[in-house]
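To start, the structure under review is shown below, and the notes come after it.
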Amino acid sequence: MDLLIENARLVTMQEGEQGYLPSPLARVGIRSGKIVALSTVTKGEDSAETESTLNPDHYEQTIDLQSKLLLPGLIDCHTHLVYAGNRANEFEMRLNGVPYEEIAKQGGGILSTVRATREASEEQLIELALPRLDGLLASGITSAEVKSGYGLTLQDEIKMLRAAKALEQERKVKITTTLLAAHALPPEFKGRADDYIQHICDDIIPLVAEEKLATSVDVFCESIGFNLAQTERVFEAAKKHGLHVKGHTEQLSDLGGTTLTAEYSGLSADHIEYLDEVGVRSLANSSTVATLLPGAFYFLRETQLPPIELLRAHKVPMAIATDINPGTSPFADLTLMLNMACTLFRLTPQEALRGVTQNAAKALGYGESRGVIEIGYDADFSIWDIEHPADLSYQVGAKRLVGRIVNGEYVSHGGL
């Protein structure tokens, strides 16, 4: 549908300070899901050609934003949205002093989610994911990445990826899928991590690539996950089959996973609390984005902060995501992550907003088509009843989203 947006205060998130400051009242022309024209309405500023391009008579639908703020659609670039089971009881047990080792002995931890996810059908996984997705949509997202990683068998990982892709048919949202079979060691491979990695490389990755079920492959490279050599084997297999790579790296220790991810031109290295300057320099010398996950940091009551000042000094792009998952970040609100990134990690509101727009798009490989309001980019927007973009990081709980536009189609979240 061709759509004309009128009387919008634009926050384009283009490079520089100007991209963060709301514009005077402006118009945006959309055709075939793309932005085709941008204009302020200051008399005499627009060329005759621009005025013609933005003529309301040339559009099927016109929306008057009545001075509301128009931002790029927010992007959640790291989620574990699809899973079955509930681990609220573990949350309560931990707060009553039960150590994680004891919880795991009682059948809890990540393997409890694996069991529940294996038992669920694809349709059940979709149904369970929708309320979580609805929470993210209510926080202004138009795109989300969704990982597998709770199946840990060929059949169940594929089931998860299919469920994730099916979410696009249920809601107005763009879903990008990532294979995370190397998330944990399944019980069938206990004590045989190398054999499991071989299974991922020989069996799971080729089929996922052949059926186009994911665009990226991720690995939990950590002392309690998979080591550098195992991670590199997965990265090699992913590259061989034309898939991007990403890494869960330096969350609990400094293994060098971020540097490895950068060496393989990974889209992003995520968590990175224990990242050192060598790792930061590797990011600076690559196109790999540093993705911050403040929800997990908060929920786990971590104390090791990611190296924000080093990332700034080396001009490494920083993205922010919910990391929504049942064990360490049960948060379905991306704007809450903006607040956490500012209060816990001391990002500025501008850095935080760029982390869920321009830099989040880069973390998914869409840096040339999403995350910025610019001619030629996807017509994905979020519409807000706020005075300034900093309000998104500053306020928590107020429902300020008016609507979203996905591929040029308007979705009301309270209406105009």
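Each Cβ is built from the backbone N, Cα and C atoms, and glycine gets one as well.
For the Fe(3+) site, Swiss-Prot lists His78, His80, His248; matching the candidates Asp134, Asp156, Asp194, Asp323 against that entry yields Asp323. Annotated N-formimidoyl-L-glutamate binding in Swiss-Prot involves Asn325, Gly327 plus, out of the candidates Tyr150, Tyr196, Tyr410, the residue Tyr150. Of the residues Arg87, Arg370, Arg400, Swiss-Prot places Arg87 in the same 4-imidazolone-5-propanoate site as Tyr150, His183, Gln251, Thr328. The Cβ of Asp323 (Fe(3+) binding site) has 27 other Cβ atoms within 10 Å, all protein chains considered. Annotation for Arg87 (4-imidazolone-5-propanoate binding site): spatial neighbours Gly108, Ser112, Thr113, Pro326, Gly327, criterion Cβ-Cβ under 8 Å with sequence separation of six or more. Counting every protein chain shown, 30 other Cβ atoms lie within 10 Å of the Cβ of Tyr150 (4-imidazolone-5-propanoate binding site).
For His78 (Fe(3+) binding site), the Cβ neighbour count at a 10 Å cut-off comes to 31, with all displayed protein chains included. His80 (Fe(3+) binding site): 26 other CB atoms within 10 A of its CB, across all protein chains.
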